[in-house]
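A short worksheet on the structure shown next.
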Amino acid sequence: ILLALTHHLFIVSYCNFSLLIYFPGPWGRCMGSDCGPGGSQSRAVWCAHVDGWTTLHTNCDQGQRPSNQRNCFRVCDWHKDLYDWKLGAWNECVPVSARTFGASRPFTCSGGEEGIQTREVGCMLKSDGSPAEDAICEYFEPKPRLEQACLIPCPQDCVVSEYSPWTSCSKTCGTGLRNRVRSVLVPPLFGGAVCPNLTEFQSCKPGPCTGPEGMYSLRVGPWNPCTLPQTRTTRQVKRRKGKGQGLRERCGTLSSLSPIWVLTKGNRYIFTYQSHNLTYTPPLCPFPSLCTPRDMPLTVQSCVLPKDCQVTDWAEWGPCSKTCVDPESPRGNRTRSRQVLQFPVGEGAECPPLEESESCDPPGEGVPPCANYTWRTTEWSDCRVDSLLSQQDRRRSNLTGLCGGGLQTREVYCVQANAELLKYLNDLREKDKASRPVENKLCEGPIPNRSQLCQIPCPIDCEVSPWGAWGPCTFENCDDQAGKKGFKLRKRRITNEPTGGPGNCPHLVEAVPCDEPSCYDWQMVSLDQCIPDDEKPCGPGTQLAQVQCVNSNGEEVDRSLCSSSSAPEPVPCEVPCSRDCVLSDWTPWSTCSQTCSSKTIEGKQMRTRSILAYNAGEGGALCPNSSSLQEVRNCNENACTVYHWQTGPWGPCTEDPSASSLNTSMSVRGGSGGQGPCSMGMQTRKVICVRVNVGQVPPKKCPDGPRPTTVRPCQLPCKKDCIMTPFSDWTACPVTCDAGKQSRKRLIIQLPSNGGQDCPEVLEEERDCEVPKICPGFRWKTHKWRKCQLVPWFIRQNSAGAQETCGPGLQTRAVSCRQLDGTQADIGECLKFAKAMPTITQRCQLPCQDDCQLTNWSKFSSCTADCAVQLISLPLLSLGRSKKKDKCKNTQMYPLSETQYCPCDKYNAQPVGNWSDCILPEGGRVESILGMKVQGDIKECGQGYRYQAMVCYDQDNRLVETLRCNSHGYIEEACIIPCPSDCKLSEWSNWSRCSKSCGSGVKVRSKWLREKPYNGGRPCPKLDHINQVYEVVPCRSDCNQYVWVAEPWSVWKVSNVDLKENCGEGVQTRKVRCMLNTIDGPSESVEDYLCDPEEMPLGARESRLPCPEDCVLNDWGPWSRCSLVRAEPRSESSTNIINVNMLCFSSDWSTCQLSPNAVCGSGIKTRMLDCVRSDGKSVDIKFCEELNLEKKWQMNISCVVECPVNCQLSEWSAWSECSQTCGLEGKMWRQRSVVQASQGDGRPCPSQMEQWKPCPVRPCYRWQYSPWSECRVESVVCGHGIRYRNLSCFVSDGSSDGDGSLVDEELCSSLELAVDGDKQIRLKEACTLPCPGECYLMEWSDWSSCVSICVRGAGVDFGSVQVRSRAVLAQEPENLQLCPDQAWESEPCTGGECYEYKWFSSVNSTRPFIWCQRSDGLNVTGGCPSMNPPVDNSSCDPPCLMPKSFCSEAGVCMCEEGFTEVLSPTGQLDQCAPIPILEIPTAGDKKGDVKTSRAINPTLPSTILPGRTGRTWYLQPYGPDGKLKMWVYGVAAGAFVLLIFIVSMIYLAW
């Protein structure tokens, strides 16, 4: 505001009679070198005429020139932390209409009135809250809003109920009054109309009175304040001064005093007295005898002199509960107390609070940070695979040797985690600094994982190739050829390297002893052509052998090494002459039938030849017989004595004493990872020579060359000692006087291994709690009542009927505070911890001679056998000769017997509520309070029990403890929790045969479904449509694995035989078999389909048998190798076709293959290469190897089979506290949580994560007031008196139905003395008994139902309220002017109903009547809208009660303007329907659209309508009967015809 005023500031000066003004410009930016208030800003100031032209500054008054510079606050970024907006509270909501200028318009409230409320917003300094310029805060964020919309609720008028029925006449004769009253239901709110009169009076005259109509009564006034008595001297002086006043004093007011004991500090007692007035009504008493009652009431009594509670000053503040720095809750609390000096006595003021608290900051500087807590974990356990096995795997598998994916667990515990105090296991030397575990509830945040997947490497088995052929007989060492004994060796190679190296493979070399060994020998390569002797053209000759020198491994060496051996001699042969029999060459020797020879076994091999042409006539050599066409020879004549070296398993790794001194230990941290090597050691194994099928033989029997080693180096793992946490703190002892136990625990963080120090056996300790010498607890102790003290005689001697030694008095007793063991305690302890202090005074009576004197109560009589009898008589005896025998006979005042319930053993037990969940027995397992463990094989199914609560009632259907019915509170019933059953599959079938006999193919095995899962068992893996699961792996068949073997051709069978010559066309046959090919050659016959049918040799052939003189040719030899053209593959695709002969083909990847002992985890996928000829035929892989086509292909990739992790749950929590402390509906709950969600095909988590069971039914006892008694005013008719009520013990079942049953007070002895939470027990209160003819207030009505002050349908609620009221009752017409005002009071409540109020009307036999009704059906006065109540139209019959209807002058019900009448079949008005208004625009109307309006009066001229011009016609389509008029049908028909015409024209034009 100041800136605006400054900006518009103008200073006027007169110069040459012209008006010149200084005009200031806006302030510029705050400039300066330093941040803060040291900045400056400037503005321009110029002199100008009021007409707008500027002039020189000298023409304006220089004394009025505004400044053009001022200091300012330069804002910097770091000021953001120092300044902030201060937001004030929102002010009262002001109606918008009150803020507008002009005359107020009439306002009809519907739901609420719109308003605006404001607040103050300013910039402030955070440190001290001092104000600052708004520009500082506006630099960082805009100024918050100063106004907001609000809603002012509509005025709520007072709503009252209907009148009660008329009371009877207040008099039996003469003129009296009748009353009827009503109560307030809703108080006036928000300026609503005040409540009307709650009482209505009506005069009544039962009849004339025979005597005087007036009546007189003695009215007792209230007791005067309790005061100290006056001395006798003082009273006598006052009497002498006041002579002649005694009669008026007795007629008007009689006063006297009476004594009382008062408890003061130091337990001193003081006599005090109080009096009350006796007033004769009417106020003037010309006839005192008319007011004299039979028994004069007391005018003086003992009383308690009021003493207010007095307390000491506040003590010093106690220490702050927060002694450390905690960012989350920086402040603590501190308390201070004060002591009681004087207890409240009588009606004195109660004691104020003796203790108060306030928030505080930790004192001093350098306050240490508060302890915070964090989760710690133990070392991961060993990886276990068996926890992942399904039910089926557990039953059928050997659980040893499992590998692959597994599960490992650890414990989680909570520790104090101050960074500067604790350090978590940095190395083994800090094992004693492991954190002490505390209770888990101290830790917050997510709990670390207690389980994780792990991997146990599966051992790779050694795989070896088949045995090779026996080699030649050779020396064991060719460098030392001493002796004549040698060995034949055969070998095999490792095809798959095993875990741990080749030392874990079986023997790879076998040896057979032989004679005449040789290290080098000649090997025949081929035979030259047969050359006849003597250079003849045919006949016998020789063939020269082409040889090479080879070593024992078959490798070619220098020929000079074979010089010691003779070269092979020429082989004899024969070249047939023209007429000789022609034979083929010998076939190669077949495979030897045995690998060795013995007495019963001989190895044989065979070769054959065939006849190519028969001899012709004489002179030709004859063909040999068939036996000469076959030769057999012995082979493998070496004995069957095979030897090999056999190795045992490697022993444990032990320290090598001969190791180097550098081989020292290396300390490594023992964590959850692998074990590091600490030193080098050695392993040994046993190596023996073994004869096959015999056993161990001397080592010299085996060749020494291939002997395995017996010692190898190894790495020694580090020793790991057991690491444990320190013991936790001892658990707290129970806060009882009974002997309890406390325990402490510690956890294993790291288990020992490799010879480390073992863990101690004791992980938990327990000890007995010390029984406190003095049990905590305090109680009040009351002492004997003292003698009854009367009011001094000099005070009451003038009272009528008073006697000196008898009458009413007061007696006191002492009260002290004791501990439970009876020792004296400070009284402040009982004020804190004990119940309410017992009363220290009571009224007493010293009987007079004429009083009714009764003996003490006798003992109760014995109960009858029938426990249904509840009364027990206790006769009392009257003593003395009382002159008031009639009074003594009043059993209400002097009861002579009293009753008490007899104990009864008849109880009735019955079940109540629903059955609980099925709960498995606990099994004695106790959940650890320190470590949270992952459940193992916890029993989660089987037989359990479900519970139903039992309730016990006595013979009066009152709830009692269930022990009375010999029940522990439950009915148990066995139940079954079905166990989960996993999916069950069959065993794996055998692998199928490889799909190809040459090259790469696949082989398959399968499992099929045997049993589906149920009850939450493990799901099945993905099955096909026939419920099977497959494993597919590639395989390769050696193209030479199966070969065709053809026997020699048979003898020619000439079809057209020339008897002279055995030649011409003929047929030869032979047997062709498919045989398994081994390293030693074909061995056994197999099925023909295993061999390549394209490669099958012919089994028969037709040819011409050569005749004499014909050329004879032998059979074709094998085809030579095809010349291959090298070509590189283009990619790794499965069909890489090359332009020439070969391509490399990769098969599909196999399924992920695991070790046989693995369930899941890491595996491999494999594929194989296939060498494919250009015509698509698979050939031997060696052809592609020669082209190097296989080198770029990856044959193995790693893969992972997801582990089937079952859902892991925590243990069940402890049972919760009962949801209700008593009653029938109490429940206890327990929960569990998911520790590890299921993974893969693991067992899913169950849906039941919590369980409940009923609580034992306990009776609900409560203190409850009885109804107030009638007002008791001693022996007079009216005046001030006292009413009483009792505090009784009631029992109920906790439900809202019924108030319960009265029971013995001892059952409520353990409860706090309070009624509905109110600890102020009031068993008596002052009351007034109206005198005959008085006008007085009735008692308070009951609280009304809770009503919500709301806008129904708008969702706006202004709170709920309930109210009660007091109406006035009058008895004399003359006293109506003296009646007190009616009263009401309200209080907030919750859960109020939102009501609506509507007018209703009805017609009886005489005339209609109207009333207001609430939406719940209650007839009320007030609440309905006052603007449009239904009109009492008596001229229309029946009346016009429909909305928007009125009674016309003709006595007919009609509708208001804008509505049309809809008549019933009888011709009466049924409803008023709104008229659809068709608006026809005229030439002057700019709006050309047609609209419907319902809220416009059709009779108004068009000029009244705002924004409208021209005329408007209103067409009413409905008639008085509610039906459409005929012209509406005509218009519709015309429109339809017009539409048909337009469509036809468009069609014809198209």
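Here the Cβ of each residue, glycine as well, is placed from N, Cα and C on the backbone.
As annotated by TrEMBL, signal peptide applies to 1-32.
DSSP assignment over the domain 'Spondin-like TSP1' (158-209) gives 0 helix, 23 strand, 29 coil. Annotation comment: TrEMBL describes 158-209 (among others) as domain 'Spondin-like TSP1'.
As annotated by TrEMBL, domain 'Spondin-like TSP1' applies to 309-361 (among others).
The domain 'Spondin-like TSP1' annotation in TrEMBL covers 581-640 (among others).
The domain 'Spondin-like TSP1' annotation in TrEMBL covers 722-775 (among others). Per-residue confidence over the domain 'Spondin-like TSP1' (722-775) averages 81 (mean pLDDT, predicted model).
Beyond the domain 'Spondin-like TSP1' (983-1024), the same-chain residues lying 6 or more positions past its ends with a Cβ under 8 Å from any Cβ of the stretch are 390-392, 941, 1030-1039, 1041-1042, 1089-1092, 1145, 1147-1148, 1150, 1167-1172, 1178-1181, 1204, 1206, 1241-1244, 1246. If you look up TrEMBL, you'll see 983-1024 (among others) marked as domain 'Spondin-like TSP1'.
Taken from TrEMBL, the feature domain 'Spondin-like TSP1' covers 1207-1260 (among others). Across the domain 'Spondin-like TSP1' (1207-1260), DSSP assigns 0 helix, 19 strand, 35 coil.
Summarising the annotation, TrEMBL assigns domain 'Thrombospondin type-1' to 1438-1477.
Annotated transmembrane segment per TrEMBL: 1526-1549, in sequence order.
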Helix, strand and coil residues within the domain 'Thrombospondin type-1' (1438-1477) as assigned by DSSP:
0 helix, 18 strand, 22 coil
Reported in the order helix, strand, coil, what are the DSSP residue counts of the domain 'Spondin-like TSP1' (983-1024)?
0 helix, 16 strand, 26 coil
DSSP-wise, what's the residue breakdown of the domain 'Spondin-like TSP1' (581-640) into helix, strand and coil?
4 helix, 19 strand, 37 coil
